[in-house]
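**Q** Taken from Swiss-Prot, the feature N-linked glycosylation site covers 57, 61, 74, 104, and the record attributes it to sequence analysis. Feature annotation from Swiss-Prot assigns topological domain 'Cytoplasmic' to 1-22, 164-167, 217-224, 273-332, 376-404, 449-452, 500-551. Taken from Swiss-Prot, the feature topological domain 'Extracellular' applies to 44-142, 189-195, 246-251, 474-478, supported by sequence analysis. Residues or ranges marked as transmembrane segment by Swiss-Prot: 23-43, 143-163, 168-188, 196-216, 225-245, 252-272, 333-353, 355-375, 405-425, 428-448, 453-473, 479-499.
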């Protein structure tokens, strides 16, 4: 009887069918750039000051500048304060008394804020995300990142339950509806709620696209195909720069960025299901039809005899999260990878969310960030082949951290230098993230691989949630976030020196393979009973084609 991997080898690892699928899976990744990073351009800094009703309603014949002078104090730089106003004088006060600043006690704004009249409506302006509400800008990003975590937890099982195709269709539809609804909210609280739901859907289709590619593309091209699909996020960031530059009204920007999602209805007719998943559900005939279709598209038709021999592959049971900490070697690997994934997310998103803080034009910086991320992802594949996984991971993380540390000592009047350092950091962080996916999968043995990937991915999402909150520490000292974003990747990178190299090695199946440091034997299709006992569990071999991929 032929196993699925043998049949797919006859179909071809990366023929025309898989190329088309990779392109299709790249579209949601392309659109994800807007959903994740679009808000950065909706809350740009702009001048504002307290709206002082008593001056506006007074009968004094004063110019706008004079009204501002008697109602708003100046800061140390001589500019009007953004969050303070003079306490309103008594009704009996004369204009002379007011102009002489006899009533110069200050208070917080109590009637809202005034913004430049010639500026398009921004999210910050409409919902007054300033002064005591300014932290909501960063908090909303944490809410979105929390939605990504919840979405991974929810849609992972859904993807395994109803299939990759219907799950992806549902996630794309949910993304389009919630993102479009966000453009019409009347309160910031509703905006946050919809952004959370949008993030859960985003996490779902980012997961489903990777799973579909991994289950259709053969092993010789799988890494390149996944990287190619993920690189569309970088392309989306570049397009976002131009879109945000041309559309400054936040509601119109939201609608414009969402509209392409609604055009993906054609996925209903062209998106294939995963034959691996169909086999796992006992739907063998449907799987055979799909595999034969792919073979015909690739110009490599299969014989009916070979298809009729198609059976699910036998694998052993997977462990749970606690099993990762029972074995000394697995415990060390797991703890280091938790740190690596946490820092990967922390550094990558910190640079992306601070795109406007490096001194140069935010739109130009965003364009450059997207442009360097794409080669960063592809060059990481070359680095892994030349330097090995361990040293590639160590070097990219350390380089990203060093860039942050250097930025601390660069004067603010050298924005070009700061931006160049940030761009190098962005390149390194994108490469580090890509390497982590490959390296982590190779470090965990088969019996515990998916559980390990799921656990470290949780900490990656936690890193994303914490990132905007760390950025809030700049209100105490501007260097605090930079020190954190710089020191943690250096530390995590150095920890990678304690990990084994996996370049050129066959994936390990069992704990015995791991302990002996030998490639897994080709005759093994399932873990031995003693391996499961070493994990503190025993179980008989069962049939399982597709393991859960929650993250």
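Cβ coordinates come from backbone N, Cα and C, glycine included.
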**Q** Can you grab the distance from residue 61 (N-linked glycosylation site) over to residue 74 (N-linked glycosylation site)? Cα atoms, rounded to a whole Å.
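**A** Spelling it out, the Cα of residue 61 (N-linked glycosylation site) and the Cα of residue 74 (N-linked glycosylation site) are 22 Å apart.
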**Q** Across all chains shown, how many C-beta atoms besides its own are within 10 angstroms of the C-beta of residue 74 (N-linked glycosylation site)?
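**A** Taking every protein chain into account, the count is 12.
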**Q** Let me spell it out: take the transmembrane segment (23-43), skip the flanking residues so only those 6+ beyond its ends count, and list any with a Cβ under 8 Å from a Cβ in it.
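**A** Answer is 122-124, 129, 137, 140-141, 144, 168, 172, 175, 179, 195, 198-199, 202, 205-206, 209-210, 212-213, 228-237, 239-240, 243-244, 250, 253-254, 257-258, 260-261, 264, 267, 270-271, 352-353, 355-356, 362, 366, 370.
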**Q** Among the recorded stretches 252-272, 405-425, 428-448, 453-473, which has the greatest number of Cβ pairs closer than 8 Å to the transmembrane segment (479-499)?
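**A** Against the transmembrane segment (479-499), the leading stretch is 405-425.
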**Q** Please tell me whether the transmembrane segment (196-216) and the transmembrane segment (143-163) touch - that is, whether there are at least 3 C-beta pairs under 8 Å between them, with each pair 6 or more apart in sequence.
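**A** Since 3 or more Cβ pairs under 8 Å link them, the transmembrane segment (196-216) and the transmembrane segment (143-163) do come into contact.
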**Q** Going along the chain, which residues at least six beyond the ends of the topological domain 'Cytoplasmic' (217-224) come within the CB cut-off of under 8 Å?
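**A** Contacts of the topological domain 'Cytoplasmic' (217-224) (Cβ under 8 Å, skipping residues fewer than 6 from its ends): 8-9, 12-14, 18, 21-22, 381, 438.
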**Q** Counting across all protein chains present, how many other Cβ atoms fall within 10 Å of the Cβ of residue 104 (N-linked glycosylation site)?
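**A** For residue 104 (N-linked glycosylation site), the 10 Å Cβ neighbour count is 12.
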**Q** Take the Cβ of residue 61 (N-linked glycosylation site) and count every other Cβ within 10 Å, whichever protein chain it belongs to.
**A** 7
**Q** Summarise the model confidence on the topological domain 'Extracellular' (189-195) as a single mean pLDDT, whole number.
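**A** Mean pLDDT across the topological domain 'Extracellular' (189-195) comes out at 96.
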**Q** Who are the long-range neighbours of the topological domain 'Extracellular' (474-478) in its own chain, taking Cβ under 8 Å and residues 6 or more past its ends?
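**A** Same-chain contacts beyond the ends: none.
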**Q** For the topological domain 'Cytoplasmic' (1-22), what are the DSSP-based totals of helix, strand and coil residues?
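**A** Its residues fall into 15 helix, 2 strand, 5 coil.
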**Q** Given the transmembrane segment (453-473), which of the listed stretches 143-163, 168-188, 252-272, 355-375, 405-425 has the most Cβ pairs that are under 8 Å apart from it?
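**A** Counting Cβ pairs under 8 Å, the winner is 143-163.
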**Q** Flag the pair the transmembrane segment (168-188) / the transmembrane segment (405-425) as in contact if three or more Cβ pairs fall under 8 Å (sequence separation 6 or more).
**A** no
